[in-house]
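First up is the structure itself, then whatever we jot down about it.
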Amino acid sequence: MAACHHLTQEFVKDNFHNTLIYKDECMRCYNNPEGENGINLCLKTLQGFCTDEGHSQQHFEKTGNPIVLNIKKIPKLVDGEPQKITKLAIGKEGGGGIDDPFDTVTSLHCLACNIELDKTGAFIAPIIDSILLSKSAFFESQVGEWEQDIKECECVKNLDQSECQKIASKSLASCGECDLKANLWLCMICGHLGCGRQQYGGLDGNSHAIAHFESTSHPVVCKMGTITPQGTASLYCYKCNDDIFDSKLGEHLQNLGIDMGLQTKTEKTLTEINLELNLSLTLSKAVEEGRVLTPIFGPGNTGMINLGNSCYLNSVIQVLFSYDRIGNHFYNMYEDHHKVCDKLTTECYDCQLSKLAHGLKSGKYSERKEQPVPQHDQQTEEEKKQMEVYQDGIRPQSFKNLIGKGHEEFSSGRQQDSQEYLQYFMEVIEKEEVKRGRENPCQMFNFGLEHRYECQACKGVAYIPEKTNQLNLLIMKDSDEEMIPEEEEMKNGLERFLSDEAIEKDCPGCSGKQTFLRRTRFLNFPEVMIVVAQRFTFQNWTPTKINTSLKVILDDLDLTPYKVSGGVQEGETALPDGGEVEVEVDVEINQDQLNQCLMMGLPELAAKHALHSTGNSGADAAVTWYFSNMENPVINGPLPKEKKMVKQGGFAAPVEEEKVEEAVSVDEGSFSMLAGMGMDPERSRKALIKFNNNLEQALDYITSHGPEEDEFEEEKQDGPEAKEWIVDPRPGVYDLNAFITHLGNSIHSGHYVAHIKKGEDWVLYNDNKVVITSDPPHDKAFVYFYKKKD
């Protein structure tokens, strides 16, 4: 092979310490080494780019770095049966991905000379070996995705068995309150045997084990029939509301008269039950209520690979990007932005959003292919021989990493609530679009509400406007708010939301506490109305999913009669408003998150404490905090106070003083010193701003971080101010256009899917499976999207 004068340290990085290697996927699109032409890894920047779309050549032309390592992955020929999936995990024994099913083939090239180079030379061979042996950036960013992180909680660490009793022989054991002899849970403190809840697969249970916990506060239980001689068993803590691990399980069981070495496993653990549920939901053919559905392919029908517990993200993205206002907003910037962007694409909002939009809308990753069905123990021999039609789909790993960065939950590999992610992602879009002086496409969901308060004593009125982007509907019987019905109509939930409600409040007109009637109406209507059916609640302090069948309004949902012009009307008397004064008020609580907590059964004061203590970071975080602090007397005390300017009269929302953040000026002396040391001027300026002109900290940061690792606050880019959204003037008549459904009976597991109406067809998006369905389950959905009629 020909020699090349470019093959030097000038164009090849030979020190990989603290450097991420992006070799799994093209930085600009979703092509990967499994494609026919593989990807080219730039040996200077260690970033991979495809050849199919010309991205490798474009990177060379932009950076001048010509030496690339082409990496291809070719499927191995496997003898015998494929590896079965036996565990909810990825990259772990028994889970998916433990063995690499590919052979890796490499070749070395110079793009400047347009020649292939010898990769066995003394200089380059060890560098190539190190690259191939190093974990990729995507691998480093992934967590054990489908495997629950089971830990030893404080309850089991401090287990008190001083009053425990020996239990009867297992063959004679039954629930202490009923005749059930399966699904039995052993109290690890006193030895009481009680039946559990009903489980997936028809396993009976009357929840007597939970009742025992509520009466005794004994939280730790072990499922009988899951104990093995190897020291494993299914354990649960009702106080922590989670699966747990007991490092002294053998000793604790012995105190209850159970010799672990003599046990035989006869029942499924919770993990195995969840495994069967997830296999039935996510593997093999796309099914819905037992029907095999027809896959579809092409632009707009691209699936998204489940990164583990990322179905919540996939379902939200599919719905949002199905709307042209959002999908085209990012798709149209794809080519132009990449030509001028000099940031690391994994750290650039515009790069990731335009890459995602291009991947979903281009159709490049939704071509029809065939493969053997994934194998698991629930299949028949005939089913194992079948082929399934599939598409590659896209793997949104870098998108997930960037959008979730800095968020405790969305940066993790744990399952999340799709509705919470929907709100979070729309907030990210709003923040980033405003920063760039662009129109926020998610304003298509925004609308105004007006809350009218009328004192029943003096008949004075006050009007409070509210800006929001979703309606929250309770599922209940009108006669009993604690009763969860088997069936309910959406119109009843809407009527509850829009009906008059009596509340007690101080009246500035009467100078005393009076009864008010509160009524909510629309000030305007959004292009798309988001309606959330609250399907998660607490029963007996246990998180529970509501599986009520909801009769949905599919077409012509008319909200126009509930629109008002706003403000005090002719003939009404406005309650007095005495201007602004500084007062001490309760700390700010996110109202939407508070409503979610209340719907899940938390007391209002405790819910406010929980949200304040978790920084209004979400209902899930607040509920977790609540259960960890139920015994803390502070939870029933008054909320902390803060000073704010408010309008007198007791109704107007607090008027916060505008916060003006002063920009940090760069100290010229420190800047000159860094420049004299040869530091990059732009990085020096940003580092000094980041550390408030602390020269030592700025220098340490620059020298210990590569440019690709910089975490500087992005400055608002030059450009026009974001356009004010023009309210859609059309009447508020809507048709159901999309919905997101949570499959499964537990809030701790299960699976999210999206249904989107395209033309006359409903299309199911189940991760990377996209199929047409004739009978979509509208009645079981969680989040509904109604599009305004033309």
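Glycine is no exception: its Cβ is also placed from the backbone N, Cα and C atoms.
Just so you know, TrEMBL annotations are computer predictions that nobody has curated.
The shown structure was predicted, so the numbers you read here are calculated from the model rather than taken from an experiment.
Going by TrEMBL, these are the annotated features:
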- 151-260: domain 'UBP-type' (DOMAIN)
- Cys175, Cys178, Cys195, His208: Zn(2+) binding site (BINDING)
- 302-789: domain 'USP' (DOMAIN)
- Cys311: active site, nucleophile (ACT_SITE)
- 364-385: region 'Disordered' (REGION)
- 588-629: domain 'UBA' (DOMAIN)
- 665-705: domain 'UBA' (DOMAIN)
- His751: active site, proton acceptor (ACT_SITE)
For this session: Work through the recorded positions one by one (Cys175, Cys178, His208, His751) and name whichever has its CA nearest to the CA of Cys311 (active site, nucleophile).
Result: His751
Exercise. In the structure shown, which of the recorded positions Cys175, Cys178, Cys195, Cys311 has the fewest Cβ neighbours within 10 Å?
Worked result: Cys178
Seminar exercise, completed: Per DSSP, the domain 'UBA' (588-629) contains 29 helix, 0 strand, 13 coil
For this session: Could you tally the C-beta atoms, other than its own, that fall within 10 angstroms of the C-beta of His208 (Zn(2+) binding site)?
Result: 20
Exercise. Taking all residues of the domain 'UBP-type' (151-260) together, what is their mean pLDDT?
Worked result: 84
